[in-house]
Amino acid sequence: MTQAFVRAAPAPQLPPPKQADGRVAALSRNLLGSPKSLALTFGALVLVIWAVPDLLRYFIFGAVWHGDAVTCRATDGACWPFIAEKLPYFVYGSYPLDQRWRVDLVFAVGGLLIVWLLAPRAPARRLGLWLAFLVYPVLAFVLLYGWPALGLPRVASDLWGGMLVTLIVSAVGIVVSLPLGILLAFGRRFGPLAVRLTSVAFIEFMRGVPMIAVLFMANTMLPLFLPEGVEPDRLVRPLVGVALFASAYMAEVVRGGLQAIARGQNEAGQALGLRFWAIQRLVILPQVLRLTIPAITNTFIGLFKDTTLVATVGIFDFLRTVDSARLDPNWSGPTITPTAYAFAALVYFVCCFSLSRYAQGLERRLAAGYGRDRFQ
Amino acid sequence: MATLSGAFRRGNAAHSALVQIAFVLGLGFLVYEAATLALAHMREHHIPTDFGFWNERAGFDIDPHLIAYSFTSTYGRAFFVGLINTLVVSAVGVVFASLLGFAIGAARLSTNLVIAKFAGFYIEAFRNVPLLLQILFWYNGVLKALPAPRASLAFPGHIFLNDRGLFMPAPTLSPLGLSLPVFHGFNFIGGMKLSPEFVALTLSLVLYTATFIAEIVRAGIAGVPKGQGEAAAALGLNAVQARKFVIVPQALRLIVPPLTSQYLNLFKNSSLAVFIGYPDLVQVFAGTVLNQTGAAVPVITVTMAVYLFVSLLGSLAMNLFNRRIAGAVH
C-alpha cells in the first residue's frame, strides 16, 4: 500500500471568518443583512412604535379602572368598570342570583375533570373518562336544570346565558361528536354499502353547509319532525345541530387517523386470531386516538369559536351577552363598544391559544415517544 | 383494507345482506315517519310546502343588487340577488385572503426575525378569536364609528371612508373612463360605493382566513424534505431558482388540498353576513324570504342545496386527491 501524499507539517492557521457565528452575528445578518431586510425591519419597528403606545394608553394607562359610567364618558380610554359590573351577566346570563352556586359547582367539577384528563401523568385516567363522558353530563343537567324533589328548583333554559351556555354548547358538542364521529368514520370506511353510503351522505351534507344553516334547520325544522306535543327546548334544538355538525368534522379526523395506521397492525391482529371488532377496539382505535389527539383538539378549538353562532337562533351565549351589554343605555359612551369587544376577544384568545399550545405540546410529546416509523 | 371490509361478508353473505336490508328498511321507516309527521304538521298550521311563493312579489328592497331588482321583483329574483352577493363576497374574499395568506406564510419563514415574529403574532391573534366577533368588531366598533360623509377620511386616489361605506373611483364603459366619487349634498355621488356591511364582512373573512392559509403555506414549504433544497444547490441552482423549480412545486402538492378546504370554509363563513345585514343568500333567502313566506322546508332545502353543490365539487376534488395520497402510503 502506498500513499500518494502525506502532509508532513501542519498547514498555517487561517484567520477566523468574520463574525459568522454567534447570536449577535446571526441577528445582525438576519435583520440588517440586505437592503430589503433592513427596510422590512425598519418598517416593522415603525409600525410597533406607531401602534403600541396608543394601544397601551387606550387599554391600560389611559383607561378608566375605577369609577362609573360618568367617569367613563369623561375620558377616551377603555372603560373597565363596565366589564366589572357586567361580569356576572357574562358568566351566568340571567340565571337566578340565589341559584348561581349550582353553576359554580358544575364549573368546579368540570374543571377538576379537565385537569385530571389533560394532566400528563394523571392516575386512573380511564375512570376519569367514564366520569367525564357519562356521569358528569347527567350531574350537570340535574344541577343546572333542577330537580325539585332534591330541593333544586327548576331553572328554565331561557334564563341560562353567557359563558355557561358557551361551555354547555362546546361540551355537548365534544361529548356527542367524539363517539358519533368514530362511529361515522368506521361506517364510512368499513361498513357495508348501505351503511357506507349513509355515513358519506351525512358527513358530506354536514360539512358542505354553513353551521348557521344547520342551526336554522335545527331551529325551524326539528319541531316539524317530532310528534305533536313534544316541543323541544329552545336550547336543545341548537345543541342537536351543533352536535351533528361537530360529529361530521370529527368523523373526518378519525378517518384520517384510520388511514395513517399501517396495514401490518391489522395483519398482526388477525395473526393473533382476533375478530374484526376486537382488532379495531384493542389495536386500531387506541392508536388512531393517540395519532389524532392534536387534530381532535383543533376541532374542539374550532367548535368553541363556532359556538358564537348559536346567537342566530336567539341563544345568549358569551359573545351575545357581551354584544347586548354594550348597548345598555346606562353605560352608553364612546369607549364602551371597543372595551366590550376587546374583553370578549381576550377571553376567546386566552381559551383558544392555550388549548392550541396544549395540542402542540402533546404533538411533540407523542412524536418523541412514537417516532417517525409509524407510517412504515 | 379489502380484507377488513370483507369482515361483514366473509362470515355469511346472506347474513350481511340481511343486516343491510334491515338497516335500509329501518332508515327508510324513520325518514318516512318523520316526513309524514312534518307534512301533517305543516298542513295543520298552513305552512307552505312547495315553491308556490317563487313567483310572488317580494315587496322588500335589497342593497346592493348586481342584477336588476326592486321591491316589485319576485322572491325568485331575490334568491338570485342573494346568491350573487354571496358569490361576490366569497370571490373577493378568496382572492385577498390568498394574497395575504401567501405573503404572511412566506413572512413566517423569513430569516428576518422581526418579520417572522410579526407574522406569527398576527396569525395567533386573528386565528384564536371567533370570526363573528371580528365581524362585529369591524362593523360596530370601527366602520359604524367612522365620521359622517361630510368629515370623511380621505385617502390618495379619490378614496373616501365614512360611516356610509367606502367610496372609490370606478371604471365606466361608455364613454370609456373613470367615474370619481364627488361629495354632493349629504353624500357622495359617482364612483363605486362599497357598503359598510360588505367592507366589514370581506375584511373579517380575509383577515381570518389568511391566518389559516399562512399556516398551510408554511407547513407546505416546511414539509418539503431538506435534502431537496440541498440537491437543488448541488445542481447549481441559486436560491430563487431552487424555490421556483424545486421547493414550491413540491410544496404546492401539500398546500392545495387544505387550501381548497379553506376556500370552501370562507364560502360557507360568508353566511355570517346575517349578523350585520349584508344581503347574502342566507340573509335574504333563509332570512327575509323565509320569514315572509313561512315556507321553511323549501327555503332551507334550496339554501342547503346551493352550499352543498359548491362544497361537494370541492370535496370531490379533494377526495380524488386524497385517494392518490392514501394509495401512496400503503
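Just so it is clear, glycine is given a Cβ too, placed from its N, Cα and C backbone atoms.
Curation does not apply to TrEMBL; its annotations are automatic.
Straight from TrEMBL, the features:
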- A:38-60: transmembrane segment (TRANSMEM)
- A:101-120: transmembrane segment (TRANSMEM)
- A:127-147: transmembrane segment (TRANSMEM)
- A:159-186: transmembrane segment (TRANSMEM)
- A:163-359: domain 'ABC transmembrane type-1' (DOMAIN)
- A:193-215: transmembrane segment (TRANSMEM)
- A:235-254: transmembrane segment (TRANSMEM)
- A:300-319: transmembrane segment (TRANSMEM)
- A:339-356: transmembrane segment (TRANSMEM)
Legend entry - Within-chain partners of the transmembrane segment (A:339-356) [C-beta distance under 8 Å, separation at least 6 from its ends]: 59, 78-80, 82-83, 163, 297-298, 300-301, 304-305, 318-319, 322-323, 325-326
Legend entry - When counting Cβ pairs under 8 Å to the transmembrane segment (A:300-319), the leader among A:38-60, A:127-147, A:159-186, A:235-254: A:159-186
Legend entry - Outside the transmembrane segment (A:101-120), six or more residues from its ends: residues with CB under 8 Å to it: 91-92, 95, 128-129, 131-132, 136, 139-140, 143-144, 146, 152, 155, 164, 167, 171, 358, 365
Inset, instruction - Report, as numbers and ranges, every residue of the chain located at least six residues beyond the transmembrane segment (A:235-254) whose Cβ falls under 8 Å of a Cβ in that stretch; write 'none' if there are none. - result: 157-158, 160, 165, 168-169, 172-174, 176-178, 180-182, 184-186, 188, 199, 202-203, 205-207, 211, 214-215, 217-219, 222-223, 288, 292, 295-296, 299, 302-303, 306-307, 310, 313, 315
Inset, instruction - Six or more residues out from either end of the transmembrane segment (A:159-186), which same-chain residues have a Cβ under 8 Å from its Cβ atoms? - result: 89-96, 103, 107, 110, 132-133, 137, 140, 144, 199, 202-203, 235, 238-239, 242-255, 258, 280, 285, 296, 299-300, 303-304, 307-308, 310, 315-321, 347
